[in-house]
Amino acid sequence: MNQAPHTRRPRIPLTWLGLMPFVIFVMLFLVLPTIHIVIGAFQTRDGSFTLQNIIDLNTGTIPSSYWISIKISVASAALGSLIGFAMAAAVVFGAVPRWIKSPLLTFSGVASNFAGVPLAFAFLATFGPVGLVTVLLRNSFGIVLQRDLGFNILSFWGLTITYLFFQIPLMILIIAPALEGLRREWREAADILGASAMQYWRMVALPILFPSLLGTFALLFANAFGAVATAIALTGSSLNIVPIQLFAQIRGDVLGNPNLGYAMAFGMIVITAIANVVYIWLRMRAERWLK
Amino acid sequence: MSVWARIAGWAALVFGLLYFFVPLAGLFEFSLRARRGVYSFDAYVRVLADPQFQATFSYSVVMALVTIVIGVLIVVPTAFWVRLKMPWARPYVEFLTLMPLVIPAIVIVFGYIRLYNTSSWLPLTGSVFGTNLLLAFGYTILALPYMYRAVDTGLRTIDVATLTEAAQSLGAGWTTILSRVILPNVLPAVLSGAFLTFAIVIGEFTLAALLDRPAFGPYLQRIGANKPYEPFALSVIAFAITWGCLALIQLVSRLQKTTRRPA
């Protein structure tokens, strides 16, 4: 019968070779450095296994710096979610003219990337001791920020409101598509069944949006937790948060134990990783509804 | 839409817009205060004349360009190959490209310092050139999520398999296919990734400071500690560059849409 012609020689599958440059690059400059830090967190100085570094995280100023970092991240993520949600809802549901939406989203794409040294200076120039808003409040209303409201830009709240500059736009970017996924039919169905606007939100819209909201909150949290440059430029070393302490440790081993530095970095990875896993998991749940 | 909902909507929007624009206004106003009593551009003049500014700024510009080249060389062939031959690998590659958003930059650079120090198997931090290279690689990693997503989206709009077969039947090799068929077709996507990379690298602080390279970000932070008005003028410049880059992205993506329409 039909004999298969032997023109094809048996080939070893080589397609995977095309991915090698990428894989090697990512291994060398992303994965291995991270693994090195993680392993270092569980080693003594002479290289044997230990849990002592992790236990030592509970000494000195380290627990308080983690605590302040977590508080700032939670505060800026919560406020960012709230304000971002309100703004996204305003443009998506048509409370303000439609044409605002596209420029707002473009703007958010820019501003959400704007963590850094210049951001710190913008807030210093506005809310610092002689900043625009500070002076305006003092001269026109007789309110002294520091004295009357107990506000200081080089503090917990100062850093939180600075972080909000990139947290709010990030929230808008991520939640706007989710809000657009809310179908008109659901609203109409609720109306026909006699639901009030409150009831629609409480019993239909919010339960559907809940995974998106919580997931975005987690992402915002991770975003704030890893921010270094803004914090350093704004507060120098006056506010004792994890990234600043780790920065000082890398520069000059201020903890007096290199492996304790690894453990601190490891702690950062664990916290941002948990937040991101929560985000991804909730996002997958949210996408079931929002197709 | 009830009146109250409208009012609430406007209130949220106005509050948010104030939140964005008041700090920018404050920054600009402050940068003009260098001369007592009147607004002037003195701080800008002083900053632009500072040789250290010129040196660090051009260093960062060169770094950004090098990063873009490395990024394109790594991302375009990879995204192309995954689309063409290994679609099953896409989630894994995508996962890897998103990792830089999970692992804080400060942790990554900490790893570099310990892994590539003078006593290691690849002593990159031992020489100036090696450290510069390491910094560029680090920036490439930071920009990877944005670059990959931009290029992958660009590839989705073209028929990769048909273009490749057509080029192959005309006798083109892989290098020709990539550089003369695929790259021109995804150029707008590559450009928008490139502008975003530029915006990220130009003001980046953490990596440059910890690898001790004379870049713009650390310079800005340093003079922030000991000059009154110059850092604010510099921040305005940094903002302007970032916005300029992002305006270019908008422009490029709009051009892309208008060139696609007649097809």
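Even glycines carry a Cβ here, placed using N, Cα and C.
Taken from TrEMBL as is:
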TRANSMEM  B:7-28  transmembrane segment
TRANSMEM  B:57-80  transmembrane segment
DOMAIN    B:57-252  domain 'ABC transmembrane type-1'
TRANSMEM  B:92-115  transmembrane segment
TRANSMEM  B:127-148  transmembrane segment
TRANSMEM  B:186-211  transmembrane segment
TRANSMEM  B:231-252  transmembrane segment
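Highest Cβ contact count with the transmembrane segment (B:127-148) among the listed stretches B:7-28, B:57-80, B:231-252 falls to B:57-80 (criterion: pairs under 8 Å).
Taking every recorded stretch in B:7-28, B:57-80, B:186-211, B:231-252 and counting its Cβ pairs under 8 Å to the transmembrane segment (B:92-115), the highest total belongs to B:186-211. Sequence-remote contacts of a segment are chain residues at least 6 beyond its ends whose Cβ falls under 8 Å from one of its Cβ atoms, and for the transmembrane segment (B:7-28) they are 232, 235-236, 239.
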